[in-house]
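Enquirer: Could you have a look at this structure, given as structure tokens, before my questions?
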Amino acid sequence: MPWIQLRINTNSDHADAIGDILMEQGAVSITYEDGKDTPIFEPKLGETPLWQDTVVVALFDAGTDLAPTVALLATSPMLGENFPHKIEQIEDKDWVREWMDSFHPIQFGTRLWICPSWREIPHPDAVNVILDPGLAFGTGTHPTTALCLEWLDSLDLSDEEVIDFGCGSGILAIAALKLGAKKVTGVDIDYQAIDASQANAVRNNVQDQLALYLPEDQPEGLIADVLVANILAGPLRELAPLIAEKVRQGGKLALSGLLQEQAEELAEFYSQWFQMDPPAYKDDWSRLTGIRK
């Protein structure tokens, strides 16, 4: 069935309250969009931040008369008369199919491909990781994930032990195993990430080589030849001593999840333990690599 969509321009202070009013008026869904392409980085744990300029998007059944809803909102001091809004008809679609059609196999480096399960593998003889978008972060489409995948592809991981620190979907851990690593340990603070990583490992038939832990459960003295951490600049700095002690002397490190302007300072901080390389950049993001001293 078709739908009617009401879009309202507001700010982060009023967005939730406006959404509540729209739900009371019969909206079947409420979503929030960025009104001015403003990025939000490193929200607090458990926080769902909104942009200062927020668009509240409400979806109604096609037969809904929105005039009373618009009139009600116009009386609110949050919006006022003649508040900016837009009403449009939304055609009915197979939204699941449209979502699936937006994901394609992607190549990283020279050997590695990430392929959704519903797509034909373009190069069966390549190193292929089968991964579908899901709850946990990491499908290869984000620049930080891409930077880490390209780095892993550039390494000879034969018989190496690897730690994926902040494993998310398990994409980096599974890629490392497919690229020849002997064993990979994934650590994440989110139990959903652990579950997602396990499911993806089973799908790629590498579950026997992948050990997954919440931080409080990881083995004492855990150490590896290669460590990759695609998290955020704040945790990367806070956890630097812990990360450093998990890399053997002469071992390799990759850090991502940080903005270009954060790279230089973080590289200087990690130089206490690592011989750091020049940063690599993709879009607004960066990756740091180094060798353990």
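The backbone N, Cα and C atoms fix where each Cβ goes, glycine too.
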Enquirer: Among G109, G166, G250, G251, which residue does Swiss-Prot name as a further S-adenosyl-L-methionine binder in the site formed by T145, D188, N230?
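Expert: Candidate in the recorded S-adenosyl-L-methionine site: G166.
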Enquirer: Can you tell me whether DSSP puts T145 (S-adenosyl-L-methionine binding site) in helix, strand or coil?
Expert: helix
Enquirer: At a 10 Å cut-off from the C-beta of T145 (S-adenosyl-L-methionine binding site), count the other C-beta atoms across all protein chains.
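Expert: The Cβ of T145 (S-adenosyl-L-methionine binding site) has 25 Cβ neighbours within 10 Å.
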Enquirer: Going by DSSP, is G166 (S-adenosyl-L-methionine binding site) part of a helix, a strand, or coil?
Expert: coil
